[in-house]
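Structure record follows, encoded as structure tokens.
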Amino acid sequence: MSVSVALKAKPIAYGAVACANYVNLSGAGSISVKYEDVALLDKQNKESNVSIQLNGSDSPVFGSKLALQTFSQVYPKLFIGENDRSLVESWVETASALAGNHNFLELSSLLAQLDDHLIMRSLFVGYSLTSADFSIWGALKSNNMAAGAVRTGQYFNLARWYKFMDSQNAVSVTMEEFTKAVNISKKQKSSGPNYEIGLPDAIDGKVVTRFPPEPSGYLHIGHAKAALLNQYFANKYHGKLIVRFDDTNPSKENSEFQDAILEDVALLGIKPDVVTYTSDYLDTIHQYCVDMIKSGQAYADDTDVETMRHERTEGIPSKHRDRPIEESLEILSEMDKGSDVGLKNCIRAKISYENPNKAMRDPVIYRCNLLPHHRTGTKYRAYPTYDFACPIVDSLEGVTHALRTTEYRDRNPLYQWMIKAMNLRKIHVWEFSRMNFVRTLLSKRKLTEIVDHGLVWGWDDPRFPTVRGVRRRGMTIEALQQYIVSQGPSKNILTLDWTSFWATNKKIIDPVAPRHTAVESGDVVKATIVNGPAAPYAEDRPRHKKNPELGNKKSIFANEILIEQADAQSFKQDEEVTLMDWGNAYVREINRDASGKVTSLKLELHLDGDFKKTEKKVTWLADTEDKTPVDLVDFDYLITKDKLEEGENYKDFLTPQTEFHSPVFADVGIKNLKKGDIIQVERKGYYIVDVPFDGTQAVLFNIPDGKTVNRYGVKN
């Protein structure tokens, strides 16, 4: 028998591979497993996430459900045992329904059903592993939302069983094989970014690039790529980088955003040669508008917004398209005054009303806005649009190469038309792809709505893709720079996963993040060490075993310690376990309440024991007054769908819950941490201090590491 697995399948056939490894480890057979870097093994078969080829058979069996049933038929002693086959296969059916289900309500009902079934059971059927267990485990593992929900602890019995399954050799081997296969696939594909892509007509020492943010929000990571790319080419050709604020819309802009953008640019390590403002050129731009009208290339129009949108869509000329030049000039004068007549009008470029490219259908180039400008006050009442102002200021400031994201592709002909119409100096437009991420909104309008509706705490919310948001979540500036540079100046439009983003950060923080200990305070178990120290005492231990430069921390030892409920649940009578950073101990007594929860333990130290021989290495904390209350906060993405399609409203895909709090007791060293310090809480992950200990508690935010599974199972 041989098994083939599609690495990119949704869902991935973890259960079938675990069964194959279970057979191999048991000695009942020898099954080869082949991993293919595809979404489907057979493009015509939507169920072909896995296939089984039986010896002597001409055609393979496709799909997780049929694969599990095949294992049960070929190896009944292993996967059915003494149990009722129909009962085992009914759970395989349930697993099939679970694997691809992302409906939150239906999923919750299924998980509750599984949890209830396990109240008095260790396994789904009988007293030994069956294909029922492997199928349910595989379904949970492949369904990120389901696996994440289990890890929240809401489904206590299911979480206990899931942890047990993760400890099985067949499962461990399966996950190691998948990780290895994925890494090999990535390595084969990765050739690194090509920074040898040059700019057209670039002359060393003469290249001028510009990064033109609008001061209407905070920089997000997409802007960061644009800024770093402009700096890259300016440096490559020993030229000049301009940071220019496109500040021609008083309705959206303010000095707070402007100052924040400058701070973020500095944090990114970007040093512009000059900072400029489009608003400094408003008089010059206005004169270009006058000249456009005089040359018959622009006209005043009072068509209402809805009618104009309809006419542009249908290719219908405005009734004012042939308005006399003098009349248009008079109306522009009224717009400059902000009069009633001026407010009803705009100025449109006279290009074409039926061009296949709708961006070219007589776009608006000037409009009124009576709101005070954050730099010029009420001096101006009419302002140019970005499409009109940008080529003018680019030309005036000597820009040689305008780097624009591919989303502007339809507007690039408009940019070139403006240059030609106003006899401006030639400027090269060079395209690059913007960075898009799964389950992430980068639209400034949508991000503003989310802030305004109170769905997040602000623009620096750790769930936000802003530079400030990812920094607050624990992304280092060094890692952010490395990641963006690693993407290269590609023009390929990709939707990126956050995995590599945070994995880059982990490489930076892991060698320097001090290690600390914490145990969940909910249902925490007190363990008495019968041969423990008579009185608590402290010893110096390294803050990071592989980095002595970080110094030492105080570790407190006592005869009463705290252990997490999940760890206590896994203990067996007289089992030898390892208390991390102390030594081995025997479990001499386990006390439970009526619900099955462990209420207390008695341990006996065995410090001469070999930690390499113990199955369980657990964290613990001395139950003394020095233990520190901490709120560990984890987050999920704001939307549930990887990529929103055209016309889809993000409000229909908001994640039900995106903020999760876990109260813990941590070691005394937490009290000395400052805001922004990054640590690793052993067996829990990396964290950044958001609120230092204030006498009551500290608040730490989880830092994704590219491997951990977040709430609802989302990989960050």
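Using N, Cα and C of the backbone, Cβ positions are placed for all residues, glycine too.
Per Swiss-Prot, the feature L-glutamate binding site maps to Arg210, Phe211, Pro212, Asp246, Tyr386, Asp387, Phe388, Ala389, Cys390, Arg404; the stated evidence is similarity to another entry. Taking a C-beta cut-off of under 8 Å and a sequence gap of six or more, Phe388 (L-glutamate binding site) has these contacts in its own chain: Ile285, Tyr288, Cys289, Ala349, Ile365, Tyr366, Met418. Secondary structure at Phe388 (L-glutamate binding site), taken from DSSP and collapsed to helix, strand or coil, is helix.
Long-range Cβ contacts of Ser443 (ATP binding site) within its own chain (separation 6+, distance under 8 Å) are none. The ATP binding site feature in Swiss-Prot is assigned to His220, Glu407, Leu441, Leu442, Ser443, Lys444, Arg445.
Swiss-Prot lists Ser190 with the feature phosphoserine.
Marked as motif ''HIGH' region' by Swiss-Prot: 215-224. Within the chain, the motif ''HIGH' region' (215-224) has long-range Cβ neighbours (under 8 A, six or more residues past its boundaries) at 245, 247, 249, 252-255, 257-258, 260-261, 264-265, 268, 374, 405, 434-437, 442, 444, 447-448, 459-460, 464-470, 480, 484.
Predicted-model confidence for the motif ''KMSKS' region' (441-445) is 85, expressed as mean pLDDT. The motif ''KMSKS' region' annotation in Swiss-Prot covers 441-445.
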Around the ATP site formed by His220, Glu407, Leu441, Leu442, Ser443, Lys444, Arg445, list the extra residues of the same chain whose Cβ is within 8 Å of the site's Cβ centroid.
Gly222, Lys446, Leu447
Residue distribution over DSSP helix, strand and coil in the motif ''HIGH' region' (215-224):
4 helix, 1 strand, 5 coil
Listed in sequence order, residues with CB under 8 A of Leu442 (ATP binding site) and six or more positions away:
His220, Ile221, Gly222, Arg434, Met435, Asn436, Pro465
How many whole Å apart are the CA atoms of Lys444 (ATP binding site) and Pro212 (L-glutamate binding site)?
15
If one measures from the C-alpha of Leu441 (ATP binding site) to the C-alpha of Pro212 (L-glutamate binding site), what distance in angstrom results, rounded to a whole number?
21
If I restrict to non-local contacts, at least six residues apart, and a C-beta distance under 8 angstroms, what lies near Arg210 (L-glutamate binding site) in its own chain?
Asn230, Leu241, Ile242, Val243, Arg244, Asp394, Glu397, Val399, Ala402
Within 10 Å of the Cβ of Leu441 (ATP binding site), how many other Cβ atoms can be counted across all chains shown?
21
Same chain only, sequence gap of 6 or more: which residues have a CB within under 8 Å of the CB of Cys390 (L-glutamate binding site)?
Pro212, Asp246, Thr278, Ala402, Tyr415
